[in-house]
Each structure stands twice: as structure tokens, then as C-alpha cells.
């Protein structure tokens with residue numbers, strides 16, 4: 001990938017072979033020549049907090065709600081869910097939504113949103129997002145590639161610099177929701193986005209999984225990651241949960257939940273299970289065409305499952321401070337739910353999917 005990102009200056013992206021700030025070669029390696037931080041790294045002096053954290057905090061003052069979409073395992077439908085979540089929120093024309101793709105090495109959001117071939121433009125106030133609708137902006141490293149087939153071969157420091165620049169230098173404007181699509185796992189990208197957004201206030205994480213144990217095993221790691229970094233967990237969505245035949249309407253288990261699926265895991269960890277979405281070929285078709293699934297197949301089995309998630313408001317809650325430790329017994333949990341009702345923003349989020357375009361939902365977040 002070109003170092004200049006299709007003509008845009010990547011000011012915070014370190015050299016390709018950056019040895020890392022903790023290396024003995026920090027600031028001394030040949031790759032460090034020309035890096036603006038070479039002097040700091042080579043001095044060996046303790047480095048204070050990244051000044052970008054305060055800059056990002058100031059930038060994010062215009063963003064009301066920040067949501068991370070996580071998954072432990074790749075291929076569980078995380079990016080698809082992120083895109084549908086953004087589309088659903090944006091159905092209310094009065095709601096301003098932004099979708100940020102920080103899957104640096106595997107950016108699929110441009111394809112899913114029908115934005116392949118689009119490029120980012122520089123303005124006096126920063127990088128301008130690419131817009132799907134007037135109230136839905138998107139940013140992805142995919143817009144900086146000369147071809148969607150180009151491989152992004154970057155080490156951790158360079159990825160972190162790109163995420164920092166997305167959060168600090170993109171002109172998001174006044175928006176209600178920033179949905180952040182992350183790569184699978186618990187790597188540099190996750191640590192960076194949590195570090196940079198913690199000071200600005202993250203509403204929480206939505207964790208996507210599939211029923212089989214091989215996916216749940218990694219999701220448990222994701223849950224533990226959230227608790228260690230004090231990232232609130234909004235809830236879990238089980239994707240690819242069975243297959244509903246479009247002709248006979250009979251449901252079959254494609255990925256049997258051999259260990260109880262997401263439901264059993266959520267009971268163990270005292271987490272909300274937001275719902276189960278069946279496999280639906282219409283989802284894949286919509287993503288390949290870059291269309292909104294809710295517009296292309298509003299009555300499909302998966303769309304109905306999404307609406308069941310929307311209607312189960314009583315089970316949707318934000319865990320808040322409890323994300324860092326094991327949650328208490330169920331009776332105490334209900335007390336926590338009552339205490340944190342004022343931050344249950346999903347009571348607004350999900351009705352937006354059912355609200356006709358151009359109308360205003362009666363539920364608002366103050």
C-alpha cells in the first residue's frame with residue numbers, strides 16, 4: 001500500500017518496518033529515519049501519555065454515542081452486523097450516524113456499504129467521510145487503497161497510527177452514533193481504539209458470535225478482554241443461529257450449539273443475549289450488492305429475527321461498571337439494571353429499525 005494513502009498525508013503512521021517503542025532499536029534503526037518521533041524514541045526517556053488522547057477527546061465531543069462491534073472469531077458476521085446497525089440507525093433521518101472500519105488488513109465495509117472505488121477527500125477541517133446517505137458517513141482504510149485487491153501489510157505501530165488519525169483527523173461533524181467495526185480477536189487495533197476512546201467515553205461493546213463452541217471459545221476471551229480494559233458489554237448476538245427454509249419455513253441447525261451456544265455462555269457470564277439471527281442467503285446477496293438488507297429483504301427470516309431483537313427491550317441493558325468483574329446474583333443484577341436505565345441507549349437504537357424513514361421515534365436518549 002502506498003505510504004501516502006492515495007495522496008492523503010498519513011501523518012501518524014510510522015514507517016513500515018518500525019521496530020516499536022519498546023525495542024532496543026527504537027529511534028536507531030534505518031527504518032526510523034525521517035519519522036517525526038525518531039528523537040523521542042532514541043532518547044530512551046520515559047514517554048508520557050499520548051497527546052493524541054486529549055486531542056481525540058476534544059474531537060469526540062461532537063459524537064454522542066460510541067459503539068464497538070467485537071468478535072473473538074473471524075467470519076461470524078461482525079462487519080455485516082455493523083453495517084446493518086448503521087443502516088438501521090440512519091433510517092431515522094433526524095439521526096446522524098457514522099460507521100468507522102478499523103479492520104485495517106481486511107476492510108470489507110466499503111463493499112458491504114456499496115462504496116467500492118470511492119476515495120476520501122481532504123478539507124480544511126480534516127478528512128471527509130464517504131456518505132451512503134446524507135445522515136450516514138463511512139470511513140475505512142479501504143478508501144485509501146488504489147485497488148480493493150491491494151494487501152495492507154502493516155505491523156502494529158502503523159495500524160495504531162492509522163486508527164489515531166481516523167479518530168482525530170476525520171471531520172465527523174455532529175453525530176449521534178459512531179459505530180466502530182473492529183477486526184476479530186484482541187490485538188493492537190482493539191487496544192488502540194479502547195485507549196483513544198476511553199477518555200472520550202465509550203458506550204460499550206456488542207459481541208457477535210455463532211453457536212458452535214469453536215467460536216464461543218474465542219468469544220469468552222473477548223469478554224475477558226472487555227472486563228480487563230473496563231469496556232462495558234452491551235450484549236451478545238448469536239449469528240447464523242439455524243437456517244429457516246424460505247419454502248417450507250422449517251428451521252434446521254447448520255451449526256449445532258454443542259455446548260449450549262451463546263445462550264449458555266451468556267448465563268455463565270451474566271450477559272444479555274440480545275437475540276439470535278438465522279442464516280439467510282438474502283443477507284449475503286445484499287452485502288455483495290452493497291444494499292441495505294432491511295430495504296432489500298424486509299420480510300426475510302433474518303429480518304424478522306432482527307425485529308425480535310428490537311422488541312426484546314426488557315432484556316437489553318448496559319452493564320457499565322460491572323464489566324470489569326464477575327457480575328453478582330440475578331436479584332442484584334436487576335438492581336443494577338434499574339440503576340443504569342438512563343444509559344440504555346438501545347431502547348432508542350432498535351426502534352429506529354422499525355420506524356419508517358423520515359419519521360421520529362418517540363424514544364430519545366437525553
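Yeah, the Cβs are placed from backbone N, Cα and C, and that goes for glycine too.
As annotated in TrEMBL, region 'Disordered' covers the listed stretch 1-28 rather than the other ranges in 1-28, 29-56. Close to the recorded ATP site, the chain also has 71, 184, 208, 209, 210, 215, 239: residues not among 72, 73, 74, 75, 76, 77, 78, 79 whose Cβ is within 8 Å of the site's Cβ mean position. Within 10 Å of the C-beta of residue 41 ([4Fe-4S] cluster 1 binding site) there are 23 other C-beta atoms, taking all protein chains into account. For residue 72 (ATP binding site), the nearest neighbour among the listed binding-site residues (32, 245, 248), judged by C-alpha distance, is 245. Each of the binding-site residues 73, 78 was scored by how many other Cβ atoms lie within 10 Å of its Cβ, and the smallest score goes to 73. The closest partner of residue 78 (ATP binding site) among the binding-site residues, by CA position, is 245; the full candidate set was 35, 41, 245, 248.
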